[in-house]
Amino acid sequence: MSFLTNFLLGLGLAMDAFAVSMSSGTTVRPFKVSDALKLAVFFGGFQALMPVLGWVGGSAVSGFVSDYAPWIAFGLLAFIGGKMIYEALYGDPDGKVNSLNYSMLFLLAVATSIDALAVGISFAFLGTPILEPVIIIGCVTFVMSFCGAVLGYRIGHFFENEVEILGGLILIGLGVKILAEHMDWI
């Protein structure tokens with residue numbers, strides 16, 4: 001595969017991570033550059049790791065991925081989005097959220113990288129070498145996640161608490177989109 005093809009694949013896979021990073025950037029107060037770096041490392045790392053797991057697992061997990069992965073991604077994103085909305089409505093009145101703990105980052109990273117696992121499986125079936133695509137996918141996702149978190153912070157800074165509700169709705173909407181695509185509704 002050419003560099004351009006791998007780069008475009010990385011962009012496509014990074015869109016969910018970008019949206020979730022932007023949503024996270026809107027809600028975390030106080031926001032630090034280290035928060036954006038944490039998001040970028042988790043999302044970039046998982047987007048790079050999952051194709052490798054798919055490539056190694058190949059056909060052994062292909063049925064599971066195609067049948068259940070969209071449901072898992074939907075469940076994780078709906079749960080996290082619902083939690084964000086609940087916290088915005090009933091949580092800390094100062095609106096300070098620290099949703100970037102490691103367990104939350106892990107769940108978000110898994111939810112946004114399940115499609116990369118399927119890409120790894122397709123690489124295995126096609127006999128595609130894995131190293132170059134994985135490096136490019138991970139780097140593109142790292143940069144997009146970092147930029148998404150910073151952009152989210154800039155936007156969220158103006159809207160304060162209401163943005164956490166919007167962030168939760170974005171995560172739920174992303175989960176619904178993943179599920180709708182799987183069910184061929186869109």
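Backbone N, Cα and C define each Cβ position, glycine as well.
Residues or ranges marked as transmembrane segment by Swiss-Prot on the basis of sequence analysis: 1-21 (among others).
Under the heading transmembrane segment, Swiss-Prot lists 41-61 (among others).
If you look up Swiss-Prot, you'll see 62-82 (among others) marked as transmembrane segment, on the strength of sequence analysis.
Per Swiss-Prot, the feature transmembrane segment maps to 105-127 (among others); the stated evidence is sequence analysis.
Under 8 Å from some Cβ of the transmembrane segment (139-159) lie the Cβ atoms of residues 7, 10-11, 13-15, 17-28, 31, 35-37, 39-44, 47-48, 166-167, all in the same chain and six or more residues away from its ends. The transmembrane segment annotation in Swiss-Prot covers 139-159 (among others), and the record cites sequence analysis as its basis.
Swiss-Prot lists 163-183 (among others) with the feature transmembrane segment, giving sequence analysis as the kind of evidence. Sequence-distant contacts of the transmembrane segment (163-183) (same chain, six or more residues past either end, CB-CB distance under 8 Å): 16, 19-20, 22-24, 26-27, 70-71, 73-78, 80-85, 87-89, 95, 97, 111, 115, 152, 155-156.
Residues 36, 39-40, 43-44, 47, 77, 108-109, 111-113, 115-116, 119, 128, 132-133, 136-141, 144-149, 152, 170-171, 174, 178 of the same chain lie 6 or more positions beyond the ends of the transmembrane segment (1-21) yet place their CB under 8 Å from a CB of it.
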